Each structure stands twice: as C-alpha cells, then as structure tokens.
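Quick look at what TrEMBL annotates:
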- Gly112, Ser113, Asn114, Gly115, Lys116, Thr117, Thr118: ATP binding site (BINDING)
- 27-96: domain 'Mur ligase N-terminal catalytic' (DOMAIN)
- 110-295: domain 'Mur ligase central' (DOMAIN)
- 318-445: domain 'Mur ligase C-terminal' (DOMAIN)
Amino acid sequence: MKRTLGQIAEMLEIELPNPAFSDVVVEGASINTRTLKKGNLFIPFKGEKVDGHQYVPQAVENGASAVFWQEGAASPPENVPHLIVKDPELALQRLAYVYRRQAAFKVVAITGSNGKTTTKDMVAGVLSAAFSVQKTEGNFNNQLGLPLTLLNVKDDTEISILEMGMSGFRQIAFLTELAAPDIAVITNIGESHLQDLGSREGIAQAKFEITEGLAEEGILFYYGDEPLLQSLVEKASGFKTGSYGYSETNGLYPKNIEMSEKGSRIFLTADTDHYIDVPVLGKHNVLNALAAIRVALHLGMDEKTIAGGFASMELTSMRMERVEGAKGETIINDAYNASPTSMKAAIEFAEELKTEGRKILLLGDMLELGEDEEAFHREIGRGLLPEKIDYVLTFGERAQWIADEAAERFPKGRVRSFGLDKPELISILSGLTAKGDLIVVKGSRGMQLEEVVQAMN
C-alpha cells in the first residue's frame with residue numbers, strides 16, 4: 001500500500017489533526033520498531049503492561065513516515081505526522097479492508113489443520129513463475145498479521161497469497177471478510193484445536209468459514225478425500241468448487257507418484273515423460289503440491305511453467321527441513337508444530353525412507369488436543385513398529401504416553417523418555433547417533449524441539 005496520510009484519513013473516514021500532514025506518503029505498515037521499514041505507518045498498541053506509544057520516537061527514528069495515535073493517549077506528537085484513532089487494532093483492520101477493495105491484486109487464501117504454511121510456500125513459489133506475487137511471511141496469519149500482510153502488499157503485486165490460522169469459531173470468517181479471496185484453499189481437517197472446537201466436525205465447520213468472504217466469481221479448492229469437507233461442499237451454494245486428492249473422484253489427482261530422498265515426482269497423466277518434481281520431503285506434501293497445482297492450473301499456467309516454479313520455491317523453516325548433523329547424520333526438522341495427523345505423516349516418512357544408518361524418532365508433546373489427548377498420544381505409540389524404527393525418544397509429559405505404548409513392543413533400551421530434561425535429551429541423542437543415521441524431529445511449537453536440532457549441528 002502506498003497512500004498519502006490524507007488518503008488514509010479518507011479511507012478511515014476520520015479528520016486529519018493537521019492539514020500539513022495531508023501529503024505525507026506512507027508505504028506499508030508495522031507494529032514492531034525492530035522490523036519497521038522506511039516509509040511505514042507505525043501502529044502502536046496500548047496494553048496492560050506496555051504502551052506502544054512510548055516507541056513512537058524510535059519508530060520515527062527508524063524511518064516511519066507517520067503513526068496512529070490512540071484517542072485519549074497523552075501528548076500526541078505535534079511534529080510527527082499522525083492520525084488519531086479510537087482503536088489502533090480496529091483502524092488497522094479497517095484500513096486493510098478498504099485497501100483490499102481499492103487494489104487490483106488477486107488473493108489466494110489458505111487454511112487447514114495441517115500444511116497451511118507449506119502449501120502457501122508452494123503456491124507462492126509456483127505462481128511466481130508467471131506472476132508478481134507476495135505471501136504471508138512467517139505465521140502472520142491472525143487478526144493482526146493478516147491485515148498487516150495486506151497493507152504491505154505493493155500496488156504492482158498481481159497475486160497475494162495469505163495464510164489464515166485460527167483456534168476458535170468465527171476467526172476465519174473475520175479474516176476472509178477482510179481479505180475477500182478470489183481463490184480459497186482448505187488443505188485438510190485434522191485434530192488441531194480440538195480443545196477449543198470440540199470435534200473434527202467443528203474444526204471442519206470453522207475452516208469452511210473461509211468461503212464466507214469469497215469474492216464474486218470466487219472458487220474453493222479443497223481436499224476431496226476428506227468426507228467432512230465433501231459433506232460441507234455438497235450443502236453449500238453461491239460459489240464454485242474444485243477438489244484434489246488421491247482418488248479418481250477428484251478434479252485433480254495423480255496418476256502415479258514416485259518418492260525419493262529428494263522429494264516426490266507427480267505424474268498427472270499416463271504419459272511417463274510428463275511429470276512435476278516437488279523438492280519437498282514426505283508423501284503428505286504431495287497433497288500440498290496438488291493444491292498448488294490446482295490453483296496454478298486455474299490461473300492458466302501450463303505444467304512446464306508449474307514445474308519450474310516448484311524447482312525455485314523457498315520453504316519456511318522447520319517444515320520437513322533437511323539439516324546435516326555434526327557427525328553426518330540426516331536430521332529432518334519438522335518441529336514447527338504437531339497434531340496426530342502430521343505426526344503420523346512424519347513417522348510414515350521415516351519408515352519409508354531408505355537410509356544407510358539407523359532411524360531415530362524424537363517425538364514431543366502434541367498440544368491443544370482437549371480431553372482425548374492421552375488417547376491420541378497412545379495411538380501414536382501403538383503405531384510405532386520396531387522393524388521399521390530403531391530408536392524412539394520422547395520429550396514432554398504427554399509424549400510419555402507415546403513412550404509407554406512403544407516400550408511394549410520395542411526391545412529394551414530402544415525407547416527413552418526424557419520428561420522435560422532437554423539437556424539430558426541432547427546429551428543422550430548426541431552420544432547415540434552416527435554418520436548415516438536418520439533423525440526425524442516432530443513436536444508442537446511449545447516444545448521448542450528446534451533447540452535440539454541446533455545442538456546437533
């Protein structure tokens with residue numbers, strides 16, 4: 001967004017405190033002085049412990065061209081271009097809402113229980129082979145991050161790819177109303193946030209809220225092998241839909257898939273000379289790739305250009321990220337988050353990958369699973385096979401349930417539980433591994449298992 005402060009005042013339907021500020025040019029927005037860019041609009045928030053207004057001088061020194069100032073906050077800065085707003089958060093959201101409707105770029109919005117970020121990265125990478133694109137950075141996928149992402153979309157951008165996260169009902173509905181997506185994607189329905197949403201049916205309903213904000217002529221692409229999504233689609237009306245998945249009932253499905261230590265090769269036709277290489281580990285990422293392909297084909301891209309986009313894409317860290325250990329081990333850092341669905345996918349990847357050495361799983365707690373959390377963890381433990389996995393290490397109080405179940409089938413000494421003692425875990429794991437070993441690290445964000453990965457390399 002590039003607008004004058006006078007134009008922003010008009011967008012928010014408020015008065016300029018000083019007409020001299022009218023022609024001040026603002027480009028983008030920030031709520032953090034550490035990441036603020038020159039020309040940004042700085043938006044301070046007044047909390048119970050910290051008042052963001054105290055950082056306004058630092059923001060101006062770092063290059064902010066203007067700031068919001070909350071009505072009632074003491075001493076508005078007379079010499080700093082500013083707008084007085086009743087509520088900075090609401091003003092941020094309103095500004096993003098209006099800018100989205102003024103700008104010409106298309107929006108692809110992505111949600112789902114698992115794979116949102118990887119799918120976002122894939123869609124952005126593929127579409128960048130044919131369009132000028134901008135995507136959600138990091139996990140800016142909530143009521144603050146999404147409007148900030150919209151306001152930082154440059155006016156010459158053709159497509160903005162937005163990730164939408166949630167932990168409760170009506171949160172996706174709010175985000176999609178802001179973003180008015182031309183294309184929406186629901187990657188899957190898992191078990192994340194069962195604690196807040198009660199059931200997988202509730203999760204599906206919350207994710208399906210993304211369709212409420214679809215732009216005119218908008219379309220939803222969804223994982224068609226998920227019965228909960230299929231049921232919602234059959235009951236819905238007023239927008240177009242398209243499915244993808246493994247089964248032939250989907251609008252897009254692979255005729256064949258070849259997995260390797262580099263990723264997957266997807267054949268969309270029976271012609272074995274035509275394929276798309278996806279340089280991302282794990283069979284579960286085939287579905288994320290199919291979502292990206294579905295979007296790209298809808299936007300008129302051909303398979304050759306799509307393949308080129310996959311070859312040059314950049315993925316967010318800690319999503320099936322390959323790291324070389326200090327001894328020559330292969331470490332798969334999939335520690336950004338975990339649910340039963342995504343943990344099973346990581347385990348399946350470890351079981352199927354051919355390695356020179358041993359296979360070691362480091363599994364952490366899966367959080368926010370509600371009253372069934374013990375059952376979900378024990379199910380993971382019961383599914384571990386000693387003929388396919390050499391060692392199982394667990395970290396966290398809930399992950400103890402995984403270890404308890406696995407220990408029933410594994411030879412003595414091949415299952416270790418470390419509670420919350422991360423230094424001991426690092427010490428034992430470092431002594432256990434050797435060159436050629438595969439270590440797959442998976443756990444919820446709160447377990448911070450990337451610290452173990454960092455210690456190993």
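Even glycines carry a Cβ here, placed using N, Cα and C.
All features noted in TrEMBL, drawn onto the structure.
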residue : record           : Cβ neighbours (10 Å)
Gly112  : ATP binding site : 28
Ser113  : ATP binding site : 24
Asn114  : ATP binding site : 24
Gly115  : ATP binding site : 24
Lys116  : ATP binding site : 24
Thr117  : ATP binding site : 26
Thr118  : ATP binding site : 25
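Taking the domain 'Mur ligase central' (110-295) as a whole, pLDDT averages 95 in the prediction.
Counting residue by residue with DSSP, the domain 'Mur ligase C-terminal' (318-445) contains 47 helix, 28 strand, 53 coil. According to its DSSP assignment, Asn114 (ATP binding site) is coil. Residue counts for the domain 'Mur ligase N-terminal catalytic' (27-96) under DSSP, helix first, then strand, then coil, are 19 helix, 16 strand, 35 coil.
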